Structure formats: C-alpha cells, structure tokens
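Data block below; observations after.
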Amino acid sequence: MIASSAGAVSLRRLLPAASFIGSADIGVSHITDRSTDCRPGSVFAALRGRTVDGIDYLDEAISNGACGVLTDRPITSTAVPQCVVSNSRIAYSEVCRALAGRPDQRLRVAGVTGTDGKTSVCSMIRKLLESCGQRCGQLGTVENYDGVCTETSTLTTDEPPKFWNSLSRMTSNRTTMAAVELSSQALDQYRVAGLQLDLAVVTGVTRDHLDYHGTPHAYAAAKGKIFGLVRKGGRAIINNDDPGSRDLFAKHNCGIDAITCSLDGPADLRATDLTSNKTGVRFTFQMADFAEQIQTELIGRHNVMNMLLAAAVAAEFGLAPEQIAAGLSKIKSPPGRLERIVAEPINVFVDYAHTPDALARVVDELKQITQGRLIVVFGAGGGRDADKRPLLGQAASNADLAIVTNDNPRNEHPQTIIEHILAGITSTTVEVRPDRCDAIRLALDAAVPGDCVLIAGKGHETYQEIGTRQISHNDAAFVRRYLSARHPATPITACA
Ligand SMILES: CC(=O)N[C@H]1[C@@H](OP(=O)(O)OP(=O)(O)OC[C@H]2O[C@@H](n3ccc(=O)[nH]c3=O)[C@H](O)[C@@H]2O)O[C@H](CO)[C@@H](O)[C@@H]1O[C@H](C)C(=O)N[C@@H](C)C(=O)N[C@H](CCC(=O)O)C(=O)O
C-alpha cells in the first residue's frame, strides 16, 4: 500500500488515456492491490492474478473503505467510481510512482537484470561508489538499503508500493544514486513501470524461472523489457562474453547504445591476463587508455565480469578510472555469493548458485584452485521448473564428490526431487543426504587438507521451505556452528 505525503494524485491527469465510470476523476492519496489493506479513502487496484482475479475482492476492498477502483475492464456490479485503463499493473506502478513523488527523477538509477549475478553487481556498484564517499541506495534479493537503514528483503524486486517508497526514502536521505535488481517476474508484471533508468545492466541470460515464464523465449522477452525503461540519453551495459546477453540486447535494445564488458575479446571495459589462485584472482583492468593490475580476494571469472559491469556503472556515475581500480581491489563478496567461510586447511564456500549454468561455472572455477578434491553439496527447489534438476546434477558432475540434499522441497516429495537430480549426474561419486545439515556435516567430515567444499543453492537465505513450514537454516551459520562444536582439536577455523 502507498499513501501520499504530497496530497492526492488526480488519476485523470496522471492517466490521460484512462476512461472513468461513476465520476469524472478519482483523487488518490492511498492505493493498494490488496483488498485486506484497503482503508477509508483507498483506491483499490484490481489486478488480474495468476491464481485469482483482484476484481473478485472488490467487495471486500469496499467494505474496508475503498472508494474507487483502478481496473482494466469496466465492472458492472459496483457503484464505486472506476478508472478503466488498458493495463492496470502499469497504471498501478505509475500511480505509486506519482504518490512517492517520482523519486527516480532525483536519482541516477542503474537497473540490473540477468539470470545470475544481480546481487553481486548491485553490491559492487554500491561499494565502488561508497569507496569514493558517495551514497548509493541498493534494492535487491538480500537487502534493501535506503542510504541510511538496511532491511532484509522479501522479494528481489518489490511490488510497486514498497519499491517506490524505498526510492523515495533514498531521496529523503540525500542519496543521489541507486542500484536496483530487476527480476524477470517483476519486469513481466510491470512492477516498476514508469521507472526511468540511467543504465540497464545485463549480467547474463541463461535458464531460470521456466515454471513462471513457460519458455526460454518468454523469459528473455521479460528480461528484455529492461531496455524500455532506459531514459533518453541512458545506456545499456552488457556482458559481451555471454551470447544470451548479446542476443537480448540485439533483439530488445529500443535504440539505446551499449557499453560492453569482456574478459575474452574487444570491449569498452576489459579484464585481461587473468590468473586464478587460492586467494583470489589477479587481472589487468582496462578502460579506454587506462590499465591497472587488480588483485581481488573474490574467486572466479564470473566475479571479474561482475566487477567490470559494476565498474562501467561507476564510470558512468562519475568515478575516475583510478578511483574505480582502487575500489575494485577492496571489494569483498556479499553474503552467500561465493562467500569463503573457511580458508585453511580446507576451503569452504557458500554460494547461491541454483541454476545449472551458475553451478557449472562455480564448480569449474573451484576445481581450478583446488589441489585436493572438490565436494559439492546441493539440491533443487520443489514446485519450480523440474526440468532444470537433471541439469543441476550434470553441472555438479565435474566435482569429485556430489552430496545431493534438500534445497526448498516445498510441497513436493524430497525424494522425487533428488531422483530427478540423480538422473543428470554423469561422472562423480554421489551420496544422498536429504537433511541439509547431515549433508553439510558429511562434506566437512569427508574433507581433508587441500580439499574444497562448496555448499550451493541457498546462499544468504535463512530458512528452508519444507512442506508448508519454514525451517530456520543458514548454510554459513551452520558451517560455523558445526566447526566450532566439532572435536576441539580439529585444526579448522571459520573465517570471521
Ligand atoms: C508468481 C508471482 O510472481 N506472483 C505475483 C502475482 O501474484 P498472482 O498473480 O498469483 O496474484 P493473485 O494471488 O492471483 O492475486 C491477484 C490479485 O488479487 C489480490 N487479492 C488476492 C487475494 C485477496 O484476498 N485479496 C486481494 O486483493 C492480490 O493482491 C493481487 O493483486 O502478482 C501479485 C501482485 O502483484 C504478486 O504479489 C505475486 O508475487 C508474489 C509475491 C511472489 O512471490 N512472487 C515471486 C515468485 C517473485 O516475484 N519472485 C522474484 C524472484 C526473483 C529471483 O528468484 O531472482 C522476485 O522479484 O522476488
């Protein structure tokens, strides 16, 4: 829900193409799409859902005090004034934007989309800008930061009222820049319609959320909507090494220019001479005539690409190449993003990789820096894209030991999900431990000095969804707890 601090918004003025029934105009000072959140004076945004139709809840909205409805078709069964628009989700976001005082007009905004890497890139953008004394808000999967306060997120991209309120709080806190994650679902549902981006960043487009989008084509089409949000003079920033990103830009670019990033070929920003070692990656950062060696504690080529994408945003937002290079070398991984929990004598990483592509990439990267065996603990979510499960199994097959466990089985039988994963595993030693804590214990107990343990899929998450219950669980916290409680003579200490 959203309430205006700046007085009522006239829907006739804001939505000139709308038609009105029962009144020549509707003034809005509070709007919500949830009937239960309506209060006296609210306007109810009746949205067509995937499970139910908001119009069916209009009576409840009215009994809670709604005195107007925003709808995509005339409703015959009501006396409250109606504002009829062609797309009520777009109009809803635009009303929320107006009520929040159009904060994007006072911010420089980078929107980040992509199958993987959105959180890492947004967090890197913020860290680069902060390293030069700038304040940058951040909205996304792990946390929402308004320039002063941080709150834990519930969605990657919030629904319109919360999204626009968060941007508004940034401007109240004199924050002038923002990095926001834009999920494919949010783009598809027009949750941020009206947003004017300075930069549209695409980290990579592979496979995810087919349970929602149905086909890879529909998934890409949703992601492609990001370019339509770019304001005049704004630009795209593209992972040029990823065919999916190049293709997305070629098909949906809306006539905007792109800044390209590459580890492999010619591009506006480049990372060359990459060497991976146990403590991180060394590479040469190149941008126009500038070149400098960077040593980072982050692991993996994909993180170097994330750094380039963030560097491109920082440069567009005014940082000099020298400032960016200095900031890059200080960047640490965000929680649950290839986060190193233990460094010696075994390596233990927690990573959010839950797509086949991301898991395969992380397994490959860690193989390269591991002298001993790579042990991977992973599962797959229930109630979502079952086709990706054998692909996850295949992605883990490069490890020396795969321990298949529960992710968020939700309402599916955990054993069914595990069987699907096992069907894809081609060439590794496999253990099955449905209980995630058992699986992690097994991995840590099996590891000997020189080995590396990767716990994949849940990253920063603090719970497991099993049946209809949410069970408190965090991979990193469990590793730390287990190692500190294990035999006192065990010479393994978790990183701070
Ligand atoms: C699958 C999905 O995206 N669902 C979104 C969709 O829900 P829906 O179509 O099922 O809506 P519905 O339940 O049928 O209800 C239709 C309308 O009736 C209203 N209603 C319904 C019941 C009632 O009693 N009263 C009432 O007013 C609802 O508020 C809604 O406006 O439209 C709703 C209204 O906009 C969203 O709240 C809802 O997102 C929910 C919160 C959700 O969990 N979405 C997830 C899947 C999501 O977006 N995830 C991405 C993940 C990204 C990632 O993994 O990277 C994200 O951005 O977080």
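Each Cβ is built from the backbone N, Cα and C atoms, and glycine gets one as well.
In the three-state DSSP scheme, SER120 (ATP binding site) is classed as helix. Sequence-distant contacts (6 or more apart, same chain, Cβ under 8 Å) of SER120 (ATP binding site) comprise ASN303, ASN306, SER333, PRO334, ARG337. The ATP binding site annotation in TrEMBL covers GLY114, THR115, ASP116, GLY117, LYS118, THR119, SER120.
Within 10 Å of the C-beta atom of ARG410 (meso-2,6-diaminopimelate binding site) sit 16 other C-beta atoms, taking all shown protein chains into account. Under the heading meso-2,6-diaminopimelate binding site, TrEMBL lists ARG384, ASP407, ASN408, PRO409, ARG410, GLY457, GLU461.
Here TrEMBL flags 29-83 as domain 'Mur ligase N-terminal catalytic'.
The domain 'Mur ligase central' annotation in TrEMBL covers 112-314.
Across the residues of the domain 'Mur ligase C-terminal' (336-459), the predicted structure has a mean pLDDT of 96. Residues or ranges marked as domain 'Mur ligase C-terminal' in TrEMBL: 336-459.
Marked as N6-carboxylysine by TrEMBL: LYS223. DSSP assigns LYS223 (N6-carboxylysine) to a helix. The Cβ of LYS223 (N6-carboxylysine) lies under 8 Å from the Cβ of THR113, GLY114, SER184, LEU187, VAL202, VAL205, LEU248, each on the same chain and at least six residues away in sequence.
If you look up TrEMBL, you'll see 407-410 marked as motif 'Meso-diaminopimelate recognition motif'. The DSSP breakdown of the motif 'Meso-diaminopimelate recognition motif' (407-410), given as helix, strand and coil counts, is 0 helix, 1 strand, 3 coil.
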**Study point:** Nearest of the binding-site residues (ASP407, ASN408, PRO409, ARG410, GLY457) to THR119 (ATP binding site), judged by Cα-Cα distance
**Key:** GLY457
Revision key, fill the gap. So ARG384 (meso-2,6-diaminopimelate binding site), by the Cβ count within 10 Å over all chains shown, scores 19
Revision key, fill the gap. Around the Cβ of ASP407 (meso-2,6-diaminopimelate binding site), other Cβ atoms within 10 Å, all chains included, total 25
Review point. Same-chain residues six or more away whose CB lies under 8 A from the CB of LYS118 (ATP binding site)?
Key: VAL112, GLY140, THR141, THR156, GLU181, LEU182, SER183, THR203
Review point. Which residues does THR115 (ATP binding site) neighbour through Cβ under 8 Å, counting only same-chain ones at least six apart?
Key: THR203, GLY204, VAL205, THR206, ARG207, ASP208, GLY244, THR355, ASP357, ALA358
**Study point:** Neighbouring C-beta atoms (10 Å sphere around the C-beta of GLY457 (meso-2,6-diaminopimelate binding site))
**Key:** 28
Check your understanding: How big is the gap, in Å, between the Cα of ARG410 (meso-2,6-diaminopimelate binding site) and that of ASP116 (ATP binding site), rounded to a whole number?
Key -> 22
